[in-house]
Every structure is written in structure tokens, then in C-alpha cells.
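The transmembrane segment feature in TrEMBL is assigned to 20-40, 61-86, 106-132, 153-173, 193-214, 279-304, 324-354, 374-395, 415-437.
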Amino acid sequence: MEAPEDVSVREQLFHDRVRETIICVLLFICLYIVSYLVITHYKRNAEFTIDNSEDATVNKIALWLCTFTLSVSVGAVLLLPLSILSNEVLLSFPQSYYMQWLNGSLIHGLWNIVFLFSNLSLVFLLPFAYFFTESEGFAGSKKGVMARLYETAVVLFLLTLLVLGMVWVASAILDDNMARQSLYDLWEYYLPYLYSCISLFGVLLLLLCTPLGLSRMFSVTGRLLVKPRVSVSVQDSCQFHVVRKNSQTKRLGFSDTNSGFLFLPSEIRKRASPWQRNLGYPLAMLLLLAVTVVCVLIVCYHVVELLFDDTAMPRGMEDPLLGAASFSMFGSLGAAVQVILILYLMISSVVGFYSSPLFTGLRPRAQDTTLTQIIGNCVSLLVLSSALPVFSRTLGITRFDLLGDFGRYNWLGNFHIVFLYNILFAGLTSACLINTLTWTVQRELIRAFVNRLTVMKVRDG
């Protein structure tokens, strides 16, 4: 008979595994619901209410796959923030009975699940969704969903062989021994090399989009807030004279149907509180500037740290010791700043991605985004979000080491790649920030001068 201690240990392991599974399922359901609401807000309803039931069924299946992918993308974004906050919670409540469910095994399992689903979505699910919507069935076959499914499976299989062959050729060019081993052991050498290429592409895309997004955040935030009255008083004066002239015109028997449009900015300012009008915009701009400068300073410090400290290199971690020590030298406050910076960098990368001239065609529009555009957006967001943990650790934003397969990428141990990446990010971000600030000042001066001339002309007229 088995010892009672062994039985109790096995029962405890079983209960822990069931608890972790329930938590992961509940978290995924919440993310799936949020993702479905977001996609429903942007999708074109005409593609799902067509008379052809076959096309409607295919589009719904593709929409479900896109929703699954978007939920995985959101989960990838939340990996580092949840891990850092979990560590701080365990440090603050080490003996709490209600925090026993929060442990390293749960966090490690979340990292492995996100890694598996992100690669599954990128390599199989999204290509399947695209080919499924474009397929019509092979010539001579009976039309229907199964015929389109068969054609999609064949095309996806051929595409998989093509991609694997291209990666094998690339590995053979770079390292002949690795290419030979990958033929004998596909899962051990071949697929990790493919994952490394995908992650490197995502990190390079973040390198291009994030500096642009950091500079564009000022203009995007400026459009969402009410500017102080000082910066718009000339415009208000100009509108006042235009409206007065229109009223005089109406007295003579003429009307202007567009004159009401001029009242929109003033109405918005009237509804805003004095604090929002006078302090909201300057404080938001100062906060964005401070967060951006902190990001650049942290990266510059990490560049110096790479030269003298080997532990500054990004590396993998098999067993996370949560609750042992804080991942920031400033304690809980520093950990909170790390979470804010990680989320801010992700938002900036998305803004920079859609601001780039190459990807403006993918920008979603409410109730007017085609299914093909939704698939393209899901692919782009998945690439950006799945590379965010590696991106944040490579730049030194956090000292939380990568868990699971995220830390097994081949290029992470290359000092020259990591060092050059940090230098490029700091340089590009500084250049974009300086250019944005100087151009903003010049634009405001030119706008004030032009508005002043306009007011003078209106008064004379």
C-alpha cells in the first residue's frame, strides 16, 4: 500500500493542477468576450447577413478564429504585468490564505499556454481563416463548406511544407550541423529555430513602430483633450466674426447651411470644466513627456549595464521564485512603474504601427472593416504582442526573466544583437521625440500667425 504522505502529496498536486486549469479557463473566457466585443464593433455586418448561408458560415468560423487570436494577443500583453504584480502581491502578503492560488506554477503555466496558442494562431489558425474565406472548392467537386474546407487544408499543408523548407535552407546556410540535426529531430531543433525567426521579426517590428508611436502619442492625445483657451482664443475670435457676418447675411435673405459647424469646438469647450480646459492638456503632455524620457533613460542605463554586468542580458528562467524579492530596486513603486512603462510601450507600438504609411490600409474603421482586414489586424497585433515580453526584457524595462519557451530564442544570447538593439531604440526614440517637439513649436507659431492674419481680414471685410 502507498504511504499516506505520498497520497496526500498526489492529491495536493492534483488539486493544484485543477485550480490552475480553472483559473486559466476563466481568464481566457473573459479575454475572449472582450475580444469578441471589440471585433463586433469594427466588423462589417453586411458580410455576416448575406443570403448565401455557405459564405455566412465560413465568415463566422473565420471570425471565431480571429476572436481567439485577439484574446491570445491580449493575454501576451498581460503576461509581464501580471507576473510583476503577482510577485509584489506575494511580497506584501506572504502568509495570506487567500493568496495561495497565486504561485510560480500558475504564472509559468500561463506563459507556456500563451506561447503555444500564439504560435498555433500565427502558423495555422490565421492562415487557415484567410484561405478558408478565399476558397471555393476544387474544380469538379461538389460545392459546400466541406469542399472549401478540403481545399483550405490542402493549401495550408503545401504552405507549411514551403515555409519549413525555406527555414531549413536558411538554417543550412547559417549552420550545417544544425540543419542536419533538424532533419533527425524536428521538435528539438527545427521548430525552435522557426520560432526564433518569428520572434526576431516581431522585435524588429517593435523597434520600428515604438519610436514612431512615442512621438505620435502627443498628437493623438492632443486630439482627445480640450486645449487651453490661450491656444484657441484667436480661432474663437475668428469664428465669432464669421458667425456675425453670416447673421448679417441672413438678414438680407441669404442662409448658410454650414454655419452651425463652427459652433462645435466652442460647444465642446463650454461643456468641459475649467480644470479640464486649463490643466488637462498641459498635464497630459507633461506626463507623456516624462514617461517617454524615463523609457529612454532606462534604456541608456541598460546599455551601460550591458557593458559591465553579464546578468543584464535577457535569459530564460525555468522556475520562477515569486515572492522572494522584488524585480525593481525601488520596490513596489518601481514595479508599478515597470508595469506602466510596459503597457505604455505596447500602446505606443500600436499607434506607431497604424501611423506608418505601410500599414495605414489596415487601420480598422467602426462597422466598416472587412473580414480580410480583420485577419490582417489580428496577425499584426499578435506579432507585436507576442514579442512584447522579449522586447521589454531586451531593453531592460524589467528584470523579470523570460519564462518557458520565450527564453529559448537563439538570438537572445548574442551580446552584439542585444547591445545594438538598445542603441538603436534609444537613438530612434530620442530623434523622433526631438523632431516632434521642435516641429510642434514651429507649427503652433505658424498657426497663430495665420489665424491672426485671418482675423484681421475678417474684420476688414
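Each Cβ is built from the backbone N, Cα and C atoms, and glycine gets one as well.
Segment contact is absent for the transmembrane segment (61-86) and the transmembrane segment (153-173), given fewer than three CB pairs below 8 angstroms at sequence separation of 6 or more. Remote same-chain partners of the transmembrane segment (279-304), defined as residues 6 or more beyond its termini with a Cβ less than 8 Å from a stretch Cβ, comprise 214, 217-218, 221-222, 225-228, 272, 312, 337, 340-341, 344-345, 395-397, 419, 422-423, 425-426, 429-430, 433. The recorded stretches the transmembrane segment (415-437) and the transmembrane segment (324-354) do not share 3+ CB pairs below 8 A when only pairs 6 or more apart in sequence are counted, and are therefore not in contact. For the transmembrane segment (374-395), the most Cβ-contacting stretch among 106-132, 153-173, 324-354 is 106-132 (pairs under 8 Å).
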